[in-house]
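Presented below is the structure to which this report refers.
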Amino acid sequence: MEKVWESGRRMSRSIGRGMGMEAWGVDEAFMPQNSGGGGGSRGRRRSGRGGTADDDEEALRWAAIERLPTYSRMRTAILSSAEEEAAAAAAGAGKQQYKEVDVRRLGVGERQEFIERVFRVAEEDNQRFLQKLRNRIDRVGIELPTVEVRFEELMVQARCHVGSRALPTLLNTARNIAEAALGLVGVRPGRQATLTILRGVSGAVRPSRMTLLLGPPSSGKTTLLLALAGKLDPSLRRGGEVTYNGFELEEFVAQKTAAYISQTDVHVGEMTVKETLDFSARCQGVGTKYDLLTELARREKEAGIRPEPEVDLFMKATSMEGVESSLQTDYTLRILGLDICADTIVGDQMQRGISGGQKKRVTTGEMIVGPTKVLFMDEISTGLDSSTTFQIVKCLQQIVHLGEATILMSLLQPAPETFELFDDIILLSEGQIVYQGPREYVLEFFESCGFRCPERKGTADFLQEVTSKKDQEQYWADKHRPYRYISVSEFAQRFKRFHVGLQLENHLSVPFDKTRSHQAALVFSKQSVSTTELLKASFAKEWLLIKRNSFVYIFKTIQLIIVALVASTVFLRTQMHTRNLDDGFVYIGALLFSLIVNMFNGFAELSLTITRLPVFFKHRDLLFYPAWIFTLPNVILRIPFSIIESIVWVIVTYYTIGFAPEADRFFKQLLLVFLIQQMAGGLFRATAGLCRSMIIAQTGGALALLIFFVLGGFLLPKAFIPKWWIWGYWVSPLMYGYNALAVNEFYSPRWMNKFVLDNNGVPKRLGIALMEGANIFTDKNWFWIGAAGLLGFTMFFNVLFTLSLVYLNPLGKPQAVISEETAKEAEGNGDARHTVRNGSTKSNGGNHKEMREMRLSARLSNSSSNGVSRLMSIGSNEAGPRRGMVLPFTPLSMSFDDVNYYVDMPAEMKQQGVVDDRLQLLRDVTGSFRPAVLTALMGVSGAGKTTLMDVLAGRKTGGYIEGDMRISGYPKNQETFARISGYCEQNDIHSPQVTVRESLIYSAFLRLPEKIGDQEITDDIKIQFVDEVMELVELDNLKDALVGLPGITGLSTEQRKRLTIAVELVANPSIIFMDEPTSGLDARAAAIVMRTVRNTVDTGRTVVCTIHQPSIDIFEAFDELLLLKRGGQVIYSGQLGRNSQKMIEYFEAIPGVPKIKDKYNPATWMLEVSSVAAEVRLNMDFAEYYKTSDLYKQNKVLVNQLSQPEPGTSDLHFPTKYSQSTIGQFRACLWKQWLTYWRSPDYNLVRFSFTLFTALLLGTIFWKIGTKMGNANSLRMVIGAMYTAVMFIGINNCATVQPIVSIERTVFYRERAAGMYSAMPYAIAQVVMEIPYVFVQTAYYTLIVYAMMSFQWTAAKFFWFFFVSYFSFLYFTYYGMMTVAISPNHEVAAIFAAAFYSLFNLFSGFFIPRPRIPKWWIWYYWLCPLAWTVYGLIVTQYGDLEQIISVPGQSNQTISYYVTHHFGYHRKFMPVVAPVLVLFAVFFAFMYAICIKKLNFQHR
C-alpha cells in the first residue's frame, strides 16, 4: 500500500481493496465488478496490493475476528492506519500495517482519516465506494428492500379568505376571533372560498430512479411532497390514495418510512453542524442495517468470502446503534461538503453561524444521515451555487442507483448538468400533472404539442415557463399553424395520449403485489430506537445546550445574588424586630418578596422554551422521539441549577434578614424556595407550550402570574375573596407557598412565646395573631400541605407542558388568499382552481393579475448580450422605447484599486494554532463599475462577494479596510456616497405592515432632495416618480398589497426582491448594489427580477449584482463579470461577450482547462474550471495567472483612467447630510409608524385584551372595595390592587413592545445606512406613536376599575387616577423600548428588563413601607418609578379622607393619618409626584433615542 502512496498517487480519489483478481492495482480496484458471482473460488482468492506479506497479515487478523462470538464479530473490523504505515515505511518494513478496532469506539482521528482516504473527491469516490458496497451485497445474493410510492386521483383542497378580508388589521383580527368563537358552536359566518391545490393527480415514484419535480410557483409542488410523505395539514381536505408498495398510509408508519425535507431551515442555533447530524442519527437509529449485516456475514462465512477491510469497517460502523458520533455522520458531512464547517455552530438571529447555503445542506443531511430510503426533498438548493448543487445531487443520485432508494426532489433553478442527473421528471402546473416519465422524452412530448426549447435555453427553465400563459408563445415552433394558447388541462389530456402517459396508465392499472414487498421496506413501529438510547441522546443534547447557554444561567444566578443582597440590606436584621404586629407584617413582606422573586426567576424558561419549540415540532413530526423524551431532560437538568439558586438565595437572605434562627426552619425554607422555583419553571414551560408565540406567551405568562398573585391570599385575604372567585384561591400555587413560608416562620419560639392583646383585650400568641391578621392558616401542618401543593403543581405544569407538545401544532402557518377578481372569475366559469400567492392581495380587492408589460429600452437592440433579448421576452408582449424618467440623475462610475479587508482573527482559529492577529478576506481587489454596464460579481460560496460589496458600499461596521476607492475620479466620501447610491440587501428587509406604494412613497419622500439642479422637486413630482419606478419594476398592480412577513403574509419572495430594488430606485441613485437578487426564486421569477435589473441599467445607472447559480439566460444578461476565488482574490474581470465568448476564450486559453461542452451553462463551467480542485490538478493559482495577463493590465489602465476626474467636473457635494430637514424626517417616520401600529393586531390587540381582562379581573375580585374602608387591612388590600394592576399591565406593555421595536430596528439599520434619516427623528416618531394607543388603553382601564371598585366619583380624584395610570403605563412602555435599544435582540432585552422588575417591586412601598426602608436604601426608593406610581395613586385617593378606621394593635385613626404615618404618603407632596412621573416617561424615551442613535448591534 505504501508503494502506491509513495509513487505520487496522493490525488487518487479513494483507497479500496479489490476482491478476486491477483495483483490488482489501485485503479483496477475501483473498476466496476460483476455483481452476479456469489461465492465460489473467485470470492475466496485474495491478493494484496503490498504483496503476499500484506495478504497474510490481513488474513491472520480476519481469522482472529472470525473466531469471535457473533456479537463481538459484528463490532470488530480491520483498520489500516496511515500513521502506522508511514512509521513502518520509515523503519524499512515492507508490509501494510493493520489493527483490529471496535467500531463503536472509533476515535475522531480514526474516523476522519478513514473518510479522508476513502472519499477524497466526494461525488466520484462516493460512487466507487457505494459500488463496492453494492458488489459485496450482490455477491452473496442479498436483495435490498425497495419502496415504490404511488398516488392515484390525489386531490387536496383548502378553505381560505377572499381579498382584503385576509389583511391583518385590528378590525379583521377581531372579526377572525369572533368567527372562530362562532365556529366552535357550528356557526360559520364570513366569506371563504375553496382552493383546489391538487386536482386528481396520479403517478408513481419508483426506486432506483432519481425523480425531479418541476413547476411554476403555486403549482402545488410542496403540497404534493407533503401528501406523499403523509404530512398534510389535517385542516386540508384530501381525496384519492397514496400507497407504498401497495400499503395505504394508515397501514404503516409513513413518518419513519419516508422523510420530507422542508425548504425552511429549522435548527438549534447553538449546536454545531456535526452535533446536529449526530443527534439526528441517534434518534433515527440504523433501521435494518444491523440485520442486513448479520445476514451478510453469515452468508459470506458460508461461502468463504473475505470482505474488503474498508467496506467491512464502514458497514459495521454505520450499523451500530447508540454511538454518540457515528461514521455515518462523517460520511454525510463529506458528501454534502459540510466537513469544512462541521465544528461551526449552525447559528440563528442571535449568533452568527454557518451560511444560508450550508444551513440548507444541514437540513438535507439531518434526514439522509438516518436509515430512511424514501426522501421527498423540497427546494434543497436555495442559496447554493450551481457546482455545489451538482455535487450534492450527484451523490444523492449514486445513493438512489446503487442503494435502490426512492427520491422525489423539487429544485428552483436546476442547471442543465444537474437536470441531466435525473432519470424521471414530474412537471406540475396549476395542480395538474403535465408530464411524468423519463427525462429523455419530455422535450419530445412538448414538440408533439408544437413547442420547442431554444438552443441556449435550459430544459428545466423551458419546462417551468412553457405552461405559463405569459411565456408560452415565444416557444411556439409549429410554423404550419398559428399559435394558440394551450391550457394546462389540455396539456394534461394530451399527455394521457402520449406513449409515456399510456405506459404510466398501464403501470398504475396493475395493483402492486403486497407479497413482493420486502419485509424491511416499510416501518410498522413508531419507535425504531430504544427508549434508553433516546433518553441518552436527549439528555446529552440538553446538557450541551445548557453549557452553550451557560451565560443565561450565570446571569440569572448573579442577578439573584444581587437582588438577594439588596433584599437583605433592605430587611436587615438590625432593623427587624419581633415586638408587635407591625413588625410581623414587615417579616410577611420579606417572605412575600422572597416568594415573588423566586417565582419571577422562572420567567427565563418562557423565552428559552419558545425558541426551542420550532425544532421540537419538526422532530415530533418526524417521530424522532415522543414529547416526554423532550420534557424529561428539560426538567431534570434544570434541578441542579435550581438547587444552587435556592441555596444562594436562602444563604444570603435568611440570617441576614433575621428569620427564625432554628436550623430546621432554615432548611425548611430552603426546601420551599426550591419547590417554588420548580413550580415556576413548570408554569412558564407550560405557558410556552400552550401559547407557542413570544408575544402571546409573554402575555399568557403575565396573565397566569396576575391571577395567581391576586388570588394568592396576600393581596386579598381568603375571607374577602368573592365567592365567584374562591376557586381561584385554591388553585393558586402562590397561596400554598405563602402559607407554608409563613407557618414555618411564625411557629418559631420567638413569635409563639410573645403575647399581644386582641380587639377584645384577650392575650394571644403573637405568631397566631399575626397569621390570623394576615388570613394565613394557623395549622402547623400547613408547611407540609404547602410543600405537597407546590410539588403537585410542579408535576401538573410539566405534564401540561408535555400534553401541549403532544396535541398542539405550531402557530403562524402561511394563509392562502384568493383575490376578489380571481374568486369572481372562478364563480363565472365554474373553475375550482384558484391561483394563489400567500397573502399577496390588494387591500381594496384583487391584485393577482399578472404584472403589466414593460416598455423596453431602445438600448437593448444594441446590447452585446444576446441573453438580454430572451430574458426580456419572458412575460412581455409589447416593446418600445422607454420615455425619459421625470427626475434627472448624474451617471457616475466607481473605481477601486488594491482593496484589502481584514477582520480580527476568530478565537476558534487561534485555538487551532493560527498565530496571525488578522484574517484577510479580500486581497488586492482591483476593478471598476461604469454607467449603463451591468456587472456580475461571482464566486463560490465564501469567496467574498458580499464582503466586497459591503466594503465598496460602505456598509461594513467592523474590520480594517485598505485601498483606493473613487467615484468618477474623486475619493469616495461615505456621507455623500450614501446620497447617490442604493444597496439592495439579500434579505429583503422591509417594514411588514405597510403597502408596496406606501413603502416607496416613504423612501422617496425621505431620500429625494427638495431640488435637483435647478428643478424644484415638489410632492407631486415625487409621487409621479414613485409611480414611474413601480411601472419600471412591474409593481404597479401590486401597489396596494401589504409587504408582510416573509413566508407568512404579504408579498411572494420574487415580489419582495422587486420591492427591494424599487425602494432603492426611488432614491434616484446613480450607483446600485444588489446582493443575490435572484436567490430563492424559480426560473421565471428570477427572469422577471433580472428584467427589472436590466431596465434599471438601461436608464444609464451603474448596477452591480452578486449572483449564485444563474441560468444561461440570466448570466448572459450581464455585460461584465468580476470573478473571485476563495480568499477574496480576483481571477477574472472583464466583458462577457456575446454568448459569453470573451470569458470562455480567456479560460480556455489557460493550459489544461477543458473546453466547454456544447449547450453547457458558461457560469457553471467557469466555476468548475476555476475551483480549488482544478487549481490543485493544474498546479496553478488562477489569481496569479490573472495578474500576469493582458486583461489585468487593461483593467489597470482603465482604473487609472477612471481615477482621474474628467475636466470640468467637481466632487460630489450636498449642503446637508440628509435630503430632508429634521421635521420632514420626523413627519415621514411618524406616518409610517402610524400605519404600522394600526396594522399590528398581534401587538395592540394583545395588550388591549390583557388590559381589559386585568381591569375586569380586578373589578370583580375587588368589587366595591372602595366603600368598605372599615380597617387598615381593607386599605392595604386597595393599595395591593392598585399596585398589582399597574405593575402587571406595565410589565406586559414592556414585554410586548420589545419584539415590535426589535423588528423595526432591523429596518432602521438598513434605512439609516441608506442615508434616509438620522436616528433622533425616527426614535421620537416611535415614542410619539405610543401616546394615543396608551391613552386608549388607560381610558377604558380607568373607567372599568374606577367604577367596579367604587372609588370616590369626584372629577379631581378621577383625573388624578387617570393621570397617574397613564404615565405609569407610558413609562413602562418606554422602559421596554429602552431595553431593546441597549440589547442586541429582544430576548436579551427581556432578561435585562426582568432584572429590574424585582427591584421595582421591592421598593414600590408595598412590601416594606417607606418609613421602614433603611436610610442607606432610601435613595433608591426615590429612583424607583413604581414607588412614585403607588405614591400618586394612594395619596390622591385617600390622602384627604378623614374617615375613622381600626388598626390592629393600635388605637383607631383617620385614613389620612394612617396613610401619612404608616406609608409615609403626604398629600402636599402631590405637586412633586405628577411631574416626576412625566419625567420618568421622558427619561426612558430619551434614553431609547440616545441608545438607538449611538449603539449598533448589526455586525457586518
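Note: Cβ is positioned from N, Cα and C throughout, glycine not excepted.
Under the three-state DSSP scheme, Pro216 (ATP 1 binding site) falls in the coil class. Listed in sequence order, the residues of the same chain lying 6 or more apart from Pro216 (ATP 1 binding site) and placing their CB within less than 8 Å of its CB are Ser429, Gln464, Glu465, Thr467, Ser468, Asp1082, Arg1084. Annotation comment: Swiss-Prot describes Gly215, Pro216, Pro217, Ser218, Ser219, Gly220, Lys221, Thr222 as ATP 1 binding site, evidence class sequence analysis.
DSSP assigns Ala943 (ATP 2 binding site) to coil in the three-state reduction, placing it in neither a helix nor a strand. The annotation ATP 2 binding site is assigned in Swiss-Prot to Gly939, Val940, Ser941, Gly942, Ala943, Gly944, Lys945, Thr946.
Per Swiss-Prot, compositional bias 'Polar residues' is recorded for 837-846.
Residues annotated as domain 'ABC transporter 2' in Swiss-Prot: 894-1151.
According to Swiss-Prot, the feature transmembrane segment maps to 551-571 (among others), an assignment based on sequence analysis.
The feature transmembrane segment is assigned by Swiss-Prot to 584-604 (among others).
Here Swiss-Prot flags 639-659 (among others) as transmembrane segment.
Here Swiss-Prot flags 670-690 (among others) as transmembrane segment. Sequence-distant neighbours of the transmembrane segment (670-690) (same chain, 6+ residues past either end, Cβ-Cβ under 8 Å): 594-595, 598-606, 609-610, 613, 631, 634-635, 638-639, 642-643, 645-647, 649-650, 697, 700-701, 704, 733, 737, 740-741, 744, 783, 786-787, 790-791, 793-798, 800-802, 804-805, 808.
Under 8 Å from some Cβ of the transmembrane segment (695-715) lie the Cβ atoms of residues 588, 592, 596, 599-600, 603, 606, 610, 683-684, 687-688, 721, 725, 728-729, 732-735, 738-739, 774-776, 811, 1242-1243, 1246-1247, 1249-1250, 1253-1254, 1257-1258, 1261, 1277, 1280-1281, 1284, 1288, 1291-1292, 1295-1296, 1299, 1390, all in the same chain and six or more residues away from its ends. Feature annotation from Swiss-Prot assigns transmembrane segment to 695-715 (among others); the stated evidence is sequence analysis.
Marked as transmembrane segment by Swiss-Prot: 724-744 (among others).
Look at Swiss-Prot and you will find 783-803 (among others) tagged as transmembrane segment. Within the chain, the transmembrane segment (783-803) has long-range Cβ neighbours (under 8 A, six or more residues past its boundaries) at 627-628, 631, 635, 668, 671-672, 675-676, 678-679, 681-683, 685-686, 688-690, 733, 735-741, 743-744, 777.
Sequence annotations record features per position, and here Swiss-Prot assigns transmembrane segment to 1277-1297 (among others) based on sequence analysis.
Residues 1237, 1244, 1247-1248, 1251-1252, 1254-1256, 1258-1260, 1262-1267, 1278, 1281, 1285, 1289, 1293, 1357-1358, 1361-1362, 1365-1366, 1369-1370, 1373, 1437 of the same chain sit 6 or more residues outside the transmembrane segment (1331-1351) yet have a Cβ under 8 Å from a Cβ within it. Sequence annotations record features per position, and here Swiss-Prot assigns transmembrane segment to 1331-1351 (among others).
Sequence-remote contacts of a segment are chain residues at least 6 beyond its ends whose Cβ falls under 8 Å from one of its Cβ atoms, and for the transmembrane segment (1358-1378) they are 1286, 1289-1291, 1293-1298, 1301, 1326-1327, 1330-1331, 1334-1335, 1337-1339, 1341-1342, 1346, 1351, 1389, 1393, 1425-1426, 1429, 1432-1433, 1436-1437, 1470, 1473-1474, 1477-1478, 1480-1481, 1484-1485, 1487-1488, 1491. Residues annotated as transmembrane segment in Swiss-Prot, with sequence analysis given as evidence: 1358-1378 (among others).
Look at Swiss-Prot and you will find 1388-1408 (among others) tagged as transmembrane segment, backed by sequence analysis. Tertiary neighbourhood of the transmembrane segment (1388-1408): same-chain residues 350, 552, 555-556, 559, 563, 566-567, 570-571, 586, 589-590, 592-593, 596-597, 600, 603-604, 607, 698, 1279-1280, 1283, 1287, 1291, 1294-1295, 1298, 1302, 1375-1376, 1379-1380, 1382, 1417, 1420-1421, 1424-1427, 1429-1431, 1463-1464, selected by CB-CB distance under 8 Å and a gap of 6+ residues from either end.
The transmembrane segment annotation in Swiss-Prot covers 1472-1492 (among others). Residues 1305, 1308, 1319-1320, 1322-1324, 1326-1327, 1363-1364, 1367-1368, 1370-1371, 1374-1375, 1377-1378, 1380-1382, 1425, 1428-1429, 1431-1432, 1435 of the same chain sit 6 or more residues outside the transmembrane segment (1472-1492) yet have a Cβ under 8 Å from a Cβ within it.
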Beyond the site residues Gly939, Val940, Ser941, Gly942, Ala943, Gly944, Lys945, Thr946: chain residues whose C-beta lies within 8 Å of the centroid, for ATP 2: Thr947, Leu1124, Arg1126
Find the member of 584-604, 639-659, 724-744, 1277-1297 that has more C-beta pairs under 8 Å to the transmembrane segment (551-571) than any other listed stretch. 639-659
Specify the nearest of the binding-site residues Pro217, Ser218, Ser219 to Lys945 (ATP 2 binding site), where nearness means the distance between Cα atoms. Pro217
Pro217 (ATP 1 binding site) and Gly944 (ATP 2 binding site), Cα-Cα, nearest whole angstrom: 31
Expressed in Å to no decimal places, the gap between the Cα atoms of Thr222 (ATP 1 binding site) and Ala943 (ATP 2 binding site) is 32
The rounded CA-CA distance in Å from Gly215 (ATP 1 binding site) to Val940 (ATP 2 binding site) is 27
Which number gives the other C-beta atoms within 10 angstroms of the C-beta of Gly220 (ATP 1 binding site), all protein chains shown included? 25
Can you list the residues of the same chain, besides Gly215, Pro216, Pro217, Ser218, Ser219, Gly220, Lys221, Thr222, whose Cβ falls within 8 Å of the ATP 1 site's Cβ centroid? Leu428, Ser429
Pro217, Gly939, Gly944 as binding-site residues, winner by CB count within 10 A: Gly939
Quick one: mean pLDDT on the domain 'ABC transporter 2' (894-1151)? 85
Gly939 (ATP 2 binding site) to Gly220 (ATP 1 binding site), Cα to Cα, whole Å, comes out at 33
Spatially, and counting Cα to Cα, which of the binding-site residues is closest to Ala943 (ATP 2 binding site)? Options: Pro217, Ser218, Ser219. Pro217
For Ser941 (ATP 2 binding site): intrachain residues, at least 6 apart, with Cβ closer than 8 Å: Ser355, Gly357, Gln358, Leu384, Asp385, Thr388, His1108
Measuring Cα to Cα, how many angstrom lie between Lys221 (ATP 1 binding site) and Thr946 (ATP 2 binding site)? 31
